[in-house]
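Visitor: Pasting the relevant annotations from Swiss-Prot:
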{"type": "BINDING", "residues": "LEU121, GLY125, HIS126, LEU127, GLU246, SER354, PRO355, PHE356", "note": "(6S)-5,6,7,8-tetrahydrofolate binding site"}
{"type": "MOD_RES", "residues": "LYS230", "note": "N6-(pyridoxal phosphate)lysine"}
{"type": "SITE", "residues": "HIS229", "note": "site 'Plays an important role in substrate specificity'"}
Amino acid sequence: MNILNNNLYEMDKEIYEIIKNEKIRQNNVIELIASENFVSSAVLEAQGSILTNKYAEGYPSKRFYNGCDEVDKAEVLAIERIKKLFNCKYANVQPHSGSQANQTVYLALLQPCDTILGMSLDSGGHLTHGAAPNISGKWFNTVSYHVDQETYLIDYDEVERLAVLHNPKLLIAGFSAYPRKIDFAKFRKIADKVGAYLMADIAHIAGLVATGEHQSPIPYAHVVTSTTHKTLRGPRGGLILSDDEEIGKKINSALFPGLQGGPLMHIIAAKAVAFLENLQPEYKNYIKQVISNAKALAISLQERGYDILTGGTDNHIVLVDLRKDGITGKCAANSLDRAGITCNKNAIPFDTTSPFITSGIRFGTPACTTKGFKEKDFVLIGHMVAEILDGLKHNEDNSKTEQKVLSEVKKLMKLFPFYD
């Protein structure tokens, strides 16, 4: 049998069925996971192309393999498009993920046991910002700043106090669960005061930055990292940006040969396609709608009596504090999942429960906004979520409410067909 000519169904019916069933799931659930989105057919086509066959260690025109003329063109397009999108001088599009983008910065700018100062995990920071289980917490001396105990906003006074006290080599401004804007200018002043590098991790808000809906870190941060999915709506991957081309040289060497080998050229091509989509006028409207939808969802849940962390949102993230309701994040997320609404359990600031249980849930609006949802739809979603949470407050067995909401979800999703 010539396996090169077999389609997926002929070659592997098990994987074919898994993909088919996942497609059905994605078409029929309300996707509220803040880090997820739906890519275009064009991005899928590039990602599934024969560019996956090509090995291309190195950088355009400086490869360790021959036959890279076409993939060089793809990478150059991705670089030029992302530089235009963020108005910056340097870009590296080779990181396989946001985590590897962050690791590359650490490898380029730090030495083992150097001090880094980042947001604590329970305040909304990311594992790669110095959390103990992560390599960043094992290789470096990590210090964490927190949000204010009353407002749940970043405590810039504490950031400055800790920076002066611990003299970090790197200050990290970024998050994975923080619903408000970040003042990168303030972070840069603090970094300069102690002679630290400033890294901005904009994995969640990259789309907002690119469209002017959030302050850009490019003029302030020495280096900026991001994922290429989430609000950028591209394939899963990472990128690194800077206006300092000398730092860019260090980044290039740290990524290859320091951290990675061959880049994934099919993913880089898909990134280029997504970046072209991001440069279209429609993308600005999309991001505005993402933010408006998040605000509508937050208000809808507040009107049903639920506590929204910080009292609202400035981006795509809505965090619900369930402590007063006596519901764990795990229980809420599982019940919502059974009702056709996917989100994730999430720690809230100063959470005393296990990270596998949590006292909150996190919602995000990018995915459903891609499908065409507007504010009125998110108001309805808010009521669906509240119905599930109300049921959990009064019954251990929430199955009847889950089935009722699941029926409503199915009706709603029929109005928003996506992947044919």
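Including glycine, each Cβ sits where the backbone N, Cα and C put it.
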Visitor: If you measure every Cα to Cα distance among LEU121, GLY125, HIS126, LEU127, GLU246, SER354, PRO355, PHE356, the residues said to bind (6S)-5,6,7,8-tetrahydrofolate, what is the biggest one in Å?
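Guide: Maximum Cα-Cα distance: 43 Å.
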Visitor: These are the binding-site residues: GLY125, PRO355. Which one scores highest on other Cβ atoms within 10 Å?
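Guide: Within the set of binding-site residues, the most crowded position is GLY125.
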Visitor: Tell me the Cα distance separating HIS229 (site 'Plays an important role in substrate specificity') from PRO355 ((6S)-5,6,7,8-tetrahydrofolate binding site), rounded to the nearest angstrom.
Guide: 24
Visitor: Does anything in the same chain, at least 6 positions from LEU127 ((6S)-5,6,7,8-tetrahydrofolate binding site), have a Cβ under 8 Å from its Cβ, and if so what?
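Guide: Set apart from LEU127 ((6S)-5,6,7,8-tetrahydrofolate binding site) by at least 6 residues yet with Cβ under 8 Å, we have SER99, LEU121, PRO133, ASN134, SER136.
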Visitor: Quick check for the class: what is the C-alpha distance, in angstrom and rounded, between HIS126 ((6S)-5,6,7,8-tetrahydrofolate binding site) and the residue listed as 'N6-(pyridoxal phosphate)lysine'?
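Guide: Just about 15 Å between their Cα atoms.
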Visitor: Just jot down the residues in the same chain as PHE356 ((6S)-5,6,7,8-tetrahydrofolate binding site), at least 6 apart in sequence, with C-beta under 8 A of its C-beta; none if empty.
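Guide: The list for PHE356 ((6S)-5,6,7,8-tetrahydrofolate binding site) reads LYS330, given in order along the sequence.
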Visitor: Could you state the CA-to-CA distance between GLU246 ((6S)-5,6,7,8-tetrahydrofolate binding site) and HIS229 (site 'Plays an important role in substrate specificity') to the nearest Å?
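Guide: On Cα coordinates alone, these residues lie 27 Å apart.
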Visitor: What is the total of other Cβ atoms whose distance to the Cβ of LEU121 ((6S)-5,6,7,8-tetrahydrofolate binding site) is within 10 Å?
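Guide: Excluding its own Cβ, the number within 10 Å is 22.
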Visitor: Provide, as an integer number of angstrom, the distance between the C-alpha atoms of GLY125 ((6S)-5,6,7,8-tetrahydrofolate binding site) and LYS230 (N6-(pyridoxal phosphate)lysine).
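Guide: The Cα atom of GLY125 ((6S)-5,6,7,8-tetrahydrofolate binding site) is 16 Å away from the Cα atom of LYS230 (N6-(pyridoxal phosphate)lysine).
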Visitor: Run through the Cβ atoms and count how many others sit within 10 Å of the one on HIS126 ((6S)-5,6,7,8-tetrahydrofolate binding site).
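Guide: HIS126 ((6S)-5,6,7,8-tetrahydrofolate binding site): 23 neighbouring Cβ atoms within 10 Å.
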